[in-house]
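Database features (TrEMBL):
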- 137-247: domain 'Phosphatidic acid phosphatase type 2/haloperoxidase' (DOMAIN)
- 66-85: transmembrane segment (TRANSMEM)
- 105-129: transmembrane segment (TRANSMEM)
- 136-154: transmembrane segment (TRANSMEM)
- 184-201: transmembrane segment (TRANSMEM)
- 208-226: transmembrane segment (TRANSMEM)
- 232-252: transmembrane segment (TRANSMEM)
- 264-280: transmembrane segment (TRANSMEM)
- 286-307: transmembrane segment (TRANSMEM)
(Lines of atoms letter the chains of each structure in order from A and count residues from 1; the text may use other names and numbers.)
(Lines give C-alpha, C1' and ligand atoms only; values in the text may rest on other atoms or scores of the structure.)
Protein backbone atom coordinates (compact mmCIF):
# COMPACT_ATOMS: atom_id res chain seq x y z
CA UNK A 1 0.00 0.00 0.00
CA UNK A 2 1.44 3.35 -0.98
CA UNK A 3 0.98 6.69 0.68
CA UNK A 4 -2.05 7.68 -1.43
CA UNK A 5 -3.89 4.49 -0.52
CA UNK A 6 -3.15 5.07 3.13
CA UNK A 7 -4.49 8.61 2.87
CA UNK A 8 -7.78 7.26 1.41
CA UNK A 9 -8.17 4.37 3.88
CA UNK A 10 -7.67 6.48 6.98
CA UNK A 11 -10.65 8.86 6.32
CA UNK A 12 -12.86 5.87 5.44
CA UNK A 13 -11.94 4.19 8.70
CA UNK A 14 -12.56 7.39 10.61
CA UNK A 15 -15.95 7.76 8.87
CA UNK A 16 -16.96 4.21 9.74
CA UNK A 17 -15.85 4.69 13.33
CA UNK A 18 -17.82 7.93 13.61
CA UNK A 19 -20.91 6.23 12.17
CA UNK A 20 -20.59 3.40 14.65
CA UNK A 21 -20.21 5.88 17.48
CA UNK A 22 -23.24 7.87 16.30
CA UNK A 23 -25.28 4.70 15.91
CA UNK A 24 -24.26 3.58 19.37
CA UNK A 25 -25.11 6.93 20.88
CA UNK A 26 -28.48 7.01 19.08
CA UNK A 27 -29.29 3.48 20.20
CA UNK A 28 -28.23 4.36 23.73
CA UNK A 29 -30.39 7.45 23.82
CA UNK A 30 -33.33 5.48 22.38
CA UNK A 31 -32.90 2.78 25.01
CA UNK A 32 -32.61 5.35 27.78
CA UNK A 33 -35.76 7.08 26.52
CA UNK A 34 -37.63 3.77 26.40
CA UNK A 35 -36.48 2.88 29.92
CA UNK A 36 -37.50 6.34 31.12
CA UNK A 37 -41.00 5.88 29.70
CA UNK A 38 -41.23 2.47 31.34
CA UNK A 39 -40.14 3.93 34.68
CA UNK A 40 -42.71 6.72 34.43
CA UNK A 41 -45.41 4.19 33.57
CA UNK A 42 -44.41 2.04 36.53
CA UNK A 43 -44.45 5.07 38.82
CA UNK A 44 -47.92 6.03 37.62
CA UNK A 45 -49.16 2.47 38.15
CA UNK A 46 -47.59 2.37 41.59
CA UNK A 47 -49.11 5.75 42.45
CA UNK A 48 -52.55 4.59 41.31
CA UNK A 49 -52.21 1.37 43.30
CA UNK A 50 -51.11 3.31 46.38
CA UNK A 51 -54.17 5.53 46.02
CA UNK A 52 -56.44 2.50 45.82
CA UNK A 53 -54.79 0.85 48.81
CA UNK A 54 -54.79 4.12 50.71
CA UNK A 55 -58.47 4.75 49.98
CA UNK A 56 -59.36 1.22 51.01
CA UNK A 57 -57.30 1.63 54.12
CA UNK A 58 -58.99 4.91 54.94
CA UNK A 59 -62.42 3.36 54.29
CA UNK A 60 -61.58 0.38 56.48
CA UNK A 61 -60.20 2.63 59.22
CA UNK A 62 -63.17 4.97 58.89
CA UNK A 63 -65.57 2.03 59.15
CA UNK A 64 -63.85 0.80 62.30
CA UNK A 65 -63.86 4.27 63.80
CA UNK A 66 -67.49 4.90 62.90
CA UNK A 67 -68.81 1.61 64.22
CA UNK A 68 -66.44 1.24 67.14
CA UNK A 69 -67.35 -0.19 70.50
CA UNK A 70 -70.13 2.34 71.04
CA UNK A 71 -72.41 0.81 68.41
CA UNK A 72 -71.59 -2.73 69.51
CA UNK A 73 -72.39 -1.85 73.13
CA UNK A 74 -75.65 -0.19 72.08
CA UNK A 75 -76.73 -3.21 70.04
CA UNK A 76 -75.75 -5.64 72.81
CA UNK A 77 -77.70 -3.61 75.37
CA UNK A 78 -80.79 -3.59 73.17
CA UNK A 79 -80.61 -7.37 72.66
CA UNK A 80 -80.25 -7.98 76.41
CA UNK A 81 -83.24 -5.75 77.19
CA UNK A 82 -85.23 -7.47 74.44
CA UNK A 83 -84.53 -10.88 75.96
CA UNK A 84 -85.72 -9.60 79.33
CA UNK A 85 -88.94 -8.20 77.86
CA UNK A 86 -89.73 -11.52 76.18
CA UNK A 87 -90.93 -12.67 79.58
CA UNK A 88 -94.66 -11.88 79.66
CA UNK A 89 -94.67 -10.89 83.33
CA UNK A 90 -91.73 -8.50 82.88
CA UNK A 91 -93.24 -7.05 79.71
CA UNK A 92 -96.61 -6.43 81.40
CA UNK A 93 -95.06 -4.99 84.55
CA UNK A 94 -92.92 -2.55 82.56
CA UNK A 95 -95.88 -1.51 80.46
CA UNK A 96 -98.06 -0.75 83.47
CA UNK A 97 -95.31 1.24 85.20
CA UNK A 98 -94.44 3.36 82.14
CA UNK A 99 -98.04 3.78 81.01
CA UNK A 100 -99.04 4.99 84.48
CA UNK A 101 -96.23 7.58 84.41
CA UNK A 102 -97.63 8.83 81.11
CA UNK A 103 -100.81 9.89 82.87
CA UNK A 104 -98.76 12.21 85.10
CA UNK A 105 -97.19 14.11 82.18
CA UNK A 106 -99.15 16.78 80.25
CA UNK A 107 -100.83 15.17 77.26
CA UNK A 108 -99.41 17.57 74.70
CA UNK A 109 -95.85 16.97 75.97
CA UNK A 110 -96.12 13.19 75.59
CA UNK A 111 -97.75 13.62 72.18
CA UNK A 112 -95.02 16.01 71.03
CA UNK A 113 -92.30 13.56 72.12
CA UNK A 114 -93.95 10.59 70.44
CA UNK A 115 -94.44 12.67 67.28
CA UNK A 116 -90.65 12.85 66.94
CA UNK A 117 -90.92 9.24 65.76
CA UNK A 118 -93.51 10.20 63.16
CA UNK A 119 -92.08 9.62 59.70
CA UNK A 120 -92.86 13.06 58.28
CA UNK A 121 -91.88 15.01 61.39
CA UNK A 122 -88.54 13.29 61.84
CA UNK A 123 -87.82 13.38 58.11
CA UNK A 124 -88.14 17.17 58.11
CA UNK A 125 -85.86 17.45 61.15
CA UNK A 126 -83.26 15.20 59.52
CA UNK A 127 -83.50 17.18 56.28
CA UNK A 128 -82.57 20.28 58.28
CA UNK A 129 -79.50 18.37 59.49
CA UNK A 130 -78.61 17.22 55.97
CA UNK A 131 -78.26 20.85 54.89
CA UNK A 132 -75.28 20.92 57.26
CA UNK A 133 -74.09 17.39 56.42
CA UNK A 134 -74.94 16.82 52.72
CA UNK A 135 -72.52 13.89 52.54
CA UNK A 136 -75.03 11.82 54.54
CA UNK A 137 -77.91 12.34 52.12
CA UNK A 138 -77.57 9.04 50.25
CA UNK A 139 -77.00 7.08 53.44
CA UNK A 140 -80.11 8.50 55.11
CA UNK A 141 -82.23 7.71 52.04
CA UNK A 142 -80.93 4.11 51.93
CA UNK A 143 -81.56 3.65 55.66
CA UNK A 144 -85.11 4.96 55.28
CA UNK A 145 -85.79 2.59 52.38
CA UNK A 146 -84.49 -0.38 54.40
CA UNK A 147 -86.77 0.57 57.29
CA UNK A 148 -89.79 1.01 55.01
CA UNK A 149 -89.19 -2.53 53.73
CA UNK A 150 -88.43 -4.27 57.02
CA UNK A 151 -90.88 -2.78 59.53
CA UNK A 152 -94.13 -3.51 57.60
CA UNK A 153 -92.94 -7.04 56.79
CA UNK A 154 -92.27 -7.81 60.46
CA UNK A 155 -95.54 -6.19 61.54
CA UNK A 156 -97.58 -8.20 59.05
CA UNK A 157 -95.75 -11.44 59.89
CA UNK A 158 -96.37 -11.30 63.65
CA UNK A 159 -99.66 -9.33 63.58
CA UNK A 160 -99.29 -8.85 67.33
CA UNK A 161 -102.22 -7.32 69.25
CA UNK A 162 -101.86 -3.87 70.79
CA UNK A 163 -102.22 -3.28 74.55
CA UNK A 164 -105.75 -1.93 74.02
CA UNK A 165 -106.84 -5.41 72.89
CA UNK A 166 -105.37 -7.24 75.90
CA UNK A 167 -105.88 -4.82 78.78
CA UNK A 168 -109.11 -3.37 80.09
CA UNK A 169 -107.59 -0.40 81.88
CA UNK A 170 -104.76 1.69 80.43
CA UNK A 171 -103.86 5.26 79.58
CA UNK A 172 -104.38 5.96 75.86
CA UNK A 173 -103.36 9.22 74.22
CA UNK A 174 -104.27 9.75 70.59
CA UNK A 175 -105.69 7.17 68.22
CA UNK A 176 -106.59 3.76 69.64
CA UNK A 177 -104.99 0.99 67.56
CA UNK A 178 -105.52 -2.75 67.84
CA UNK A 179 -103.20 -4.66 65.48
CA UNK A 180 -99.60 -4.80 64.16
CA UNK A 181 -98.01 -3.89 67.46
CA UNK A 182 -94.63 -5.60 66.94
CA UNK A 183 -92.27 -3.82 66.33
CA UNK A 184 -92.76 -0.12 67.03
CA UNK A 185 -92.46 1.85 63.79
CA UNK A 186 -91.99 5.19 65.59
CA UNK A 187 -89.10 3.78 67.62
CA UNK A 188 -87.54 2.19 64.54
CA UNK A 189 -87.66 5.54 62.73
CA UNK A 190 -86.19 7.42 65.70
CA UNK A 191 -83.31 4.97 66.15
CA UNK A 192 -82.70 4.74 62.42
CA UNK A 193 -81.88 8.44 62.12
CA UNK A 194 -80.21 8.65 65.54
CA UNK A 195 -77.84 5.76 64.82
CA UNK A 196 -77.12 7.01 61.29
CA UNK A 197 -75.72 10.21 62.79
CA UNK A 198 -74.28 8.28 65.77
CA UNK A 199 -72.08 6.24 63.42
CA UNK A 200 -70.39 9.29 61.88
CA UNK A 201 -70.30 11.68 64.83
CA UNK A 202 -67.06 12.12 66.79
CA UNK A 203 -68.70 13.90 69.72
CA UNK A 204 -69.75 11.58 72.54
CA UNK A 205 -72.22 14.14 73.90
CA UNK A 206 -74.03 14.24 70.56
CA UNK A 207 -74.09 10.44 70.43
CA UNK A 208 -75.54 10.13 73.93
CA UNK A 209 -78.04 12.90 73.24
CA UNK A 210 -79.28 11.25 70.05
CA UNK A 211 -79.72 7.84 71.70
CA UNK A 212 -81.43 9.46 74.70
CA UNK A 213 -83.95 11.27 72.47
CA UNK A 214 -84.60 8.10 70.44
CA UNK A 215 -85.10 6.11 73.65
CA UNK A 216 -87.46 8.81 74.95
CA UNK A 217 -89.53 8.43 71.78
CA UNK A 218 -89.69 4.70 72.43
CA UNK A 219 -90.77 5.20 76.05
CA UNK A 220 -93.44 7.66 74.93
CA UNK A 221 -94.96 4.95 72.73
CA UNK A 222 -95.64 2.95 75.90
CA UNK A 223 -96.87 6.07 77.72
CA UNK A 224 -99.54 6.69 75.07
CA UNK A 225 -100.63 3.04 75.26
CA UNK A 226 -99.72 2.23 71.65
CA UNK A 227 -97.02 -0.42 72.21
CA UNK A 228 -95.62 -3.00 74.58
CA UNK A 229 -92.02 -2.54 75.84
CA UNK A 230 -90.92 -5.51 73.73
CA UNK A 231 -92.28 -3.76 70.62
CA UNK A 232 -90.24 -0.67 71.45
CA UNK A 233 -86.98 -2.55 72.02
CA UNK A 234 -87.32 -4.53 68.79
CA UNK A 235 -88.13 -1.31 66.94
CA UNK A 236 -84.88 0.16 68.26
CA UNK A 237 -82.95 -2.92 67.09
CA UNK A 238 -84.50 -2.80 63.61
CA UNK A 239 -83.77 0.92 63.29
CA UNK A 240 -80.16 0.48 64.42
CA UNK A 241 -79.60 -2.42 62.00
CA UNK A 242 -81.07 -0.42 59.11
CA UNK A 243 -78.69 2.43 59.91
CA UNK A 244 -75.75 0.01 59.99
CA UNK A 245 -76.89 -1.56 56.72
CA UNK A 246 -76.94 1.89 55.13
CA UNK A 247 -73.39 2.43 56.42
CA UNK A 248 -72.26 -0.66 54.51
CA UNK A 249 -74.28 0.02 51.35
CA UNK A 250 -74.09 3.79 50.91
CA UNK A 251 -70.81 5.75 51.02
CA UNK A 252 -70.53 9.38 51.96
CA UNK A 253 -71.13 11.51 48.86
CA UNK A 254 -69.80 14.85 47.67
CA UNK A 255 -72.62 16.80 46.02
CA UNK A 256 -72.40 20.01 44.03
CA UNK A 257 -74.41 22.99 45.26
CA UNK A 258 -76.86 22.63 42.38
CA UNK A 259 -77.42 18.93 43.10
CA UNK A 260 -77.71 19.63 46.82
CA UNK A 261 -80.42 22.23 46.26
CA UNK A 262 -82.38 19.93 43.95
CA UNK A 263 -82.07 17.02 46.38
CA UNK A 264 -83.27 19.13 49.31
CA UNK A 265 -86.18 20.48 47.29
CA UNK A 266 -87.27 17.02 46.07
CA UNK A 267 -87.04 15.53 49.56
CA UNK A 268 -89.02 18.41 51.07
CA UNK A 269 -91.76 18.08 48.44
CA UNK A 270 -91.97 14.29 48.96
CA UNK A 271 -92.23 14.71 52.75
CA UNK A 272 -94.85 17.44 52.33
CA UNK A 273 -96.93 15.25 50.01
CA UNK A 274 -96.76 12.39 52.52
CA UNK A 275 -97.99 14.73 55.25
CA UNK A 276 -100.86 16.06 53.14
CA UNK A 277 -101.81 12.54 52.04
CA UNK A 278 -102.50 11.53 55.64
CA UNK A 279 -105.25 14.11 55.90
CA UNK A 280 -106.45 15.67 59.13
CA UNK A 281 -106.14 13.50 62.24
CA UNK A 282 -109.03 14.30 64.55
CA UNK A 283 -107.20 12.74 67.52
CA UNK A 284 -104.05 14.83 67.04
CA UNK A 285 -103.51 17.78 69.35
CA UNK A 286 -103.15 21.20 67.78
CA UNK A 287 -99.84 21.76 69.59
CA UNK A 288 -98.35 18.73 67.85
CA UNK A 289 -99.58 19.83 64.42
CA UNK A 290 -98.24 23.33 65.02
CA UNK A 291 -94.79 22.04 66.00
CA UNK A 292 -94.66 19.87 62.89
CA UNK A 293 -95.50 22.78 60.59
CA UNK A 294 -92.94 24.91 62.38
CA UNK A 295 -90.34 22.31 61.43
CA UNK A 296 -91.55 22.44 57.83
CA UNK A 297 -91.16 26.23 57.86
CA UNK A 298 -87.67 26.05 59.38
CA UNK A 299 -86.59 23.49 56.78
CA UNK A 300 -87.95 25.56 53.89
CA UNK A 301 -86.16 28.63 55.28
CA UNK A 302 -82.84 26.78 55.54
CA UNK A 303 -83.15 25.53 51.96
CA UNK A 304 -83.94 29.07 50.77
CA UNK A 305 -80.91 30.46 52.62
CA UNK A 306 -78.69 27.77 51.12
CA UNK A 307 -79.94 28.59 47.61
CA UNK A 308 -79.30 32.32 48.07
CA UNK A 309 -75.82 31.67 49.46
CA UNK A 310 -74.83 29.26 46.68
CA UNK A 311 -76.37 31.54 44.02
CA UNK A 312 -74.36 34.48 45.36
CA UNK A 313 -71.13 32.44 45.24
CA UNK A 314 -71.88 31.37 41.65
CA UNK A 315 -72.34 35.00 40.61
CA UNK A 316 -69.05 36.01 42.22
CA UNK A 317 -67.19 33.16 40.52
CA UNK A 318 -68.83 34.06 37.18
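Even glycines carry a Cβ here, placed using N, Cα and C.
Please treat TrEMBL annotations as automatic predictions, because they have not gone through curation.
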Ranked by Cβ pairs within a distance under 8 Å of the transmembrane segment (232-252), the first of 184-201, 208-226, 286-307 is 184-201
Original post:
Would the transmembrane segment (184-201) and the transmembrane segment (66-85) count as touching if the test is at least 3 Cβ pairs under 8 Å, pairs 6 or more apart?
Top reply: yes
Counting only pairs at least 6 apart in sequence, do the transmembrane segment (286-307) and the transmembrane segment (105-129) share 3+ Cβ pairs under 8 Å? yes
Averaged over the domain 'Phosphatidic acid phosphatase type 2/haloperoxidase' (137-247), the pLDDT of the predicted model comes to 95
Checking 66-85, 105-129, 136-154, 264-280 against the transmembrane segment (208-226) for Cβ pairs under 8 Å, the most are found for 105-129
The DSSP breakdown of the domain 'Phosphatidic acid phosphatase type 2/haloperoxidase' (137-247) into helix, strand and coil residues is 79 helix, 0 strand, 32 coil
